[in-house]
Amino acid sequence: MFDTIAAIATGNSIQAISIIRISGSDSFKIVKKIFTGKIGKNKTITYGNILNHERKIVDEVLVAWFEGTNNFTGENSVEIFCHGGIVVTNLVLQLLIANGARLAERGEFSRRSFLNKKMDFVKAEAINDLIHAKTIRQAQISVNKFDGKISKDIESYIDTLLYLIATCETNIDYPEYDDVENLHNETLLPKIKELIQKLNDLIKISEKASIIYNGLKIAIVGKPNVGKSSLLNALLNEERAIVTNEAGTTRDVIEASFQIDGFLFSISDTAGLREVQNNIENLGIQKTFETIEKSDIILHIIQPNEAENDFDKQIEIKSKNKIYLKILNKKDLIKNHNKQNHMIKISTLNKDIIELENKLSSYCNDVEWDNPNLIYSQNQLSMIKKSYLALSEAKEGLESGLTPDVVIIDITKAWESLVNIKGKADNELLLDKMFSNFCLGK
């Protein structure tokens, strides 16, 4: 049983209404000490006043009552709706603390929800992602995780691994019992291969989704005065970078963010690449190549009738494992468009960049965002990959002739990685599985 906590749920600012949340076994008792209205039935709202220690009215409020475990935190909870002034809201909060509540820590209500098994880590992360979503698309994707579909799939993988571990342990420790499945290489290997395939499919559909969800990184590169800064300004729809006819004005990397079709992009405008004697400008060129390394998409800007130089070739080489797009600026000066069919044509002067925007959008929409099995959390995806690698080790071991009692170490690692997505791995689960599924107590 936890102590009773309280906090302002709506932020400490002036607004029409503020909400103060209280959770814990003594929630009703503490609120009753300062509230003149009735204690309502579960999931009802009552009206009354909040009184201070001198029994003077602090505010008139509505109070929502949540009794028992069928609520967000899984314990008695109360929500007080008061007027949204900073002073009055904090007065109510201080009265709750003075009468026995403790000021909640950051995320403590959600932590209690998790500890009381009202949600798992997948949903907890989805809620946090929804709160911090920077785009409508991110918000929609986060909400898709609320139905628990991916949690149910991962739970089935966990159950399968748990069964295999428990059965292997039973074969080792209790070989005399013939009511337990006898796992050997021929029976264990197909089960391992099936799980590996499922995890591999999950990784494939999720890797790109994870990168896109968290924001694709774009680098704008090219010679001086080809329109790099103008393209940055056009994509941002604001004058973020200074545009002049003088070469070498961009010496440091300029970074900004923008959206296309609800997807987030972070973009870097880099120094123009040319032979220089100036140490400062040379440092800017070094930073350009560092930015290419860190980026997902490279926009290589060129102009009509310009010959390639060594820097252009270096850009292509360093962009080998990236999404590389050659952008032809000043398309209004192009006489023969057929010669540049492989390029994306834009005009930064006229802010005509629709072809480029459509191309960037197509990369994002190539993912099935409605697929409930998508994992976009880097943390969750890393756990899936660890499980996949551990099972691959187990598979190789079985194929090379190792017995189940040896590869069980890798199978257990795979299980622990998946359980860490749902919550903390607990070896008691293994014991529970062994003694609940098999007749070992006789």
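Glycine is treated like the rest: Cβ placed from N, Cα and C.
Taken straight from Swiss-Prot:
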type	residues	note
BINDING	Arg21, Glu79, Lys118, Lys442	(6S)-5-formyl-5,6,7,8-tetrahydrofolate binding site
BINDING	225-230, 244-250, 269-272	GTP binding site
BINDING	Ser229, Thr250	Mg(2+) binding site
DOMAIN	215-365	domain 'TrmE-type G'
Quick check: in three-state DSSP terms, what is Arg21 ((6S)-5-formyl-5,6,7,8-tetrahydrofolate binding site)? strand
Of these binding-site residues, Asn225, Ser229, which scores lowest on Cβ atoms within 10 Å? Asn225
Helix, strand or coil: which one is Lys118 ((6S)-5-formyl-5,6,7,8-tetrahydrofolate binding site) in, per DSSP? coil
Taking the binding-site residues one at a time (Arg21, Lys228), which has its Cβ surrounded by the most other Cβ atoms within 10 Å? Lys228
Cβ neighbour count (10 Å, all chains) around Ala271 (GTP binding site) is 26
Would you mind checking how many other C-beta atoms are within 10 angstroms of the C-beta on Lys118 ((6S)-5-formyl-5,6,7,8-tetrahydrofolate binding site)? 18
Distance check, please: Cα of Ala271 (GTP binding site) against Cα of Glu79 ((6S)-5-formyl-5,6,7,8-tetrahydrofolate binding site), rounded to an integer number of angstrom. 54
Return the average pLDDT for the domain 'TrmE-type G' (215-365) as a whole number. 80
What is the number of other Cβ atoms found within 10 Å of the Cβ of Glu79 ((6S)-5-formyl-5,6,7,8-tetrahydrofolate binding site)? 20
Arg21 ((6S)-5-formyl-5,6,7,8-tetrahydrofolate binding site) versus Ser229 (Mg(2+) binding site) - Cα distance in angstrom: 49
Distance [Cα-Cα, Å, rounded] between Lys228 (GTP binding site) and Lys118 ((6S)-5-formyl-5,6,7,8-tetrahydrofolate binding site): 50
For the C-alpha pair, I'd like the distance in angstrom between Arg21 ((6S)-5-formyl-5,6,7,8-tetrahydrofolate binding site) and Asn225 (GTP binding site), rounded off. 57
What does the structure give for the C-alpha distance between Glu79 ((6S)-5-formyl-5,6,7,8-tetrahydrofolate binding site) and Asn225 (GTP binding site)? Integer Å is fine. 59
Work out how many Å separate Asn225 (GTP binding site) and Lys118 ((6S)-5-formyl-5,6,7,8-tetrahydrofolate binding site) at their Cα atoms, rounded off. 58
